[in-house]
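*Asks:* Attaching a single structure in structure tokens format; questions to follow.
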Amino acid sequence: MSQNGDDPEQRQQASEADAMAATFRASEHQHIRYNPLQDEWVLVSAHRMKRPWQGQVEPQLLKTVPRHDPLNPLCPGATRANGEVNPHYEGTFLFDNDFPALQPDAPDPGPSDHPLFRAEAARGVCKVMCFHPWSDVTLPLMSVPEIRAVIDAWASVTEDLGAQYPWVQIFENKGAMMGCSNPHPHCQVWASSFLPDTAQREERSQQSYHSQHGEPLLLEYGRQELLRKERLVLSSEHWLVLVPFWAVWPFQTLLLPRRHVRRLPELTPAERDDLASIMKKLLTKYDNLFETSFPYSMGWHGAPTGVKTGATYEHWQLHAHYYPPLLRSATVRKFMVGYEMLAQAQRDLTPEQAAERLRALPEVHYCLAKKDKEAADIA
């Protein structure tokens, strides 16, 4: 056996004892956090923000977008790839995706000849929803009534497609960084004959929590975050915006109703008005963080739908996820590679630090503030 403290086991025990004796600080010491909604863990390593950045720097975002481009297939009056001409819409505009990932009449793959080679039928519909007739107006630059119209359209399409399909996924990819090739403000709606993986995990987790505690997981989580306040970004009469305790993306947020709501169509007129207001505030803060049109992927998760479910889904709580990639500036993003792809998710600042930065930002959009200042200087 090694002498004079050279034994590897003794050295490891001494190192563990020193680590336990140190005072834990989330902003300085790595740790893992559990995500009870999706039954997974994230590694938090906030001290990594101190390292110099030598990785990829994204190009500056396009500063100006034409208000109307007759060649843009999402603009009013434009001709799309399939030859159809858009109406001269003045509000929201919903249409079938010209290149759908899901179609309603796809054939069944048939039985598998081996358990390692399973395939099942996948049917559905894909739609595109334009938020506004102008290409240069993103959601934070729209008026509250205009955002309310988008929310009403979301609720309506959820109800329509949910009558036939068990899952209706509304999602928005904003910005070229998130793979969006068209700057016109829009989202997508995919309804599927199957429950996607993330929805299945959220279904299992929420069902399990409800069985053990008798109330929805996210309803109790929202109450706890409202009490603790350290990860709270915005609150209103009907809604909460927070950086989740288990957030993966640097400035990820979760949007929650304060009462028990399962799906978008269940929202009252007052809740929809309030949602429009708090969405505008959140997205304005996002843009103000690095004074850029903040890229993100977002989406709504509500209880499964469809006429065949037969379940009440009282364990479900409606919520929206916002996943923005920017980390240090408008041109430095967080990459999910290496350890994240092969082991588990990892983030470089604590959710508490992210929430503090978002809370401190003004609710007046930086573009409007600059215009007001320029007007005042001229006057």
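Quick reminder: no glycine exception, Cβ is built from N, Cα and C everywhere.
According to TrEMBL, the protein has these features:
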- 1-15: compositional bias 'Polar residues' (COMPBIAS)
- 1-21: region 'Disordered' (REGION)
- 24-196: domain 'Galactose-1-phosphate uridyl transferase N-terminal' (DOMAIN)
- 48-51, Ala81, 97-98, Asn173, 179-181, Gln188, 334-335, 339-340, Gln346: UDP-alpha-D-glucose binding site (BINDING)
- His186: active site, tele-UMP-histidine intermediate (ACT_SITE)
- Glu202, His301, His319, His321: Fe cation binding site (BINDING)
- 203-367: domain 'Galactose-1-phosphate uridyl transferase C-terminal' (DOMAIN)
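Can you walk me through where each of these features ends up in the structure?
*Replies:* As a whole-number mean, the pLDDT of the domain 'Galactose-1-phosphate uridyl transferase N-terminal' (24-196) in this prediction is 92.
Annotation for Glu340 (UDP-alpha-D-glucose binding site): spatial neighbours Gln346, criterion Cβ-Cβ under 8 Å with sequence separation of six or more.
Of all the Cβ atoms in the protein chains shown, 20 others lie within 10 Å of the Cβ of His186 (active site, tele-UMP-histidine intermediate).
For His321 (Fe cation binding site), other Cβ atoms within 10 Å of its Cβ number 20.
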*Asks:* Can you check which residues sit near His319 (Fe cation binding site), meaning Cβ under 8 Å from its Cβ, same chain, 6 or more apart in sequence, and list them in order?
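*Replies:* Looking at Cβ-Cβ distances below 8 Å from His319 (Fe cation binding site), excluding near sequence neighbours, one finds Leu218, Leu254, Leu255, Leu256, Pro257, Trp300, His301.
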*Asks:* Do me a favour and check the Cα-Cα span between His321 (Fe cation binding site) and Cys180 (UDP-alpha-D-glucose binding site); whole Å is fine.
*Replies:* 18
*Asks:* Tell me, if you would, which residue among Asp98, Glu202 (binding-site residues) has the fewest other CB atoms within 10 Å in the structure shown?
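*Replies:* Ranked by other Cβ atoms within 10 Å, the binding-site residues Asp98, Glu202 bottom out at Asp98.
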*Asks:* Identify, in sequence order, the residues in the chain of Lys334 (UDP-alpha-D-glucose binding site) that are 6 or more apart from it along the sequence and have a CB within less than 8 Å of its CB; answer 'none' if there are none.
*Replies:* Trp249, Pro250, Pro325, Leu326, Leu327, Arg347, Asp348
*Asks:* Do any residues at least six apart in sequence from Cys180 (UDP-alpha-D-glucose binding site), in the same chain, have a Cβ closer than 8 Å to its Cβ, and if so which, in order?
*Replies:* Asn173, Lys174, Pro295
*Asks:* Taking the Cβ of His301 (Fe cation binding site) as the centre, how many other Cβ atoms fall within a 10 Å radius?
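*Replies:* Result for His301 (Fe cation binding site): 23 other Cβ atoms within 10 Å.
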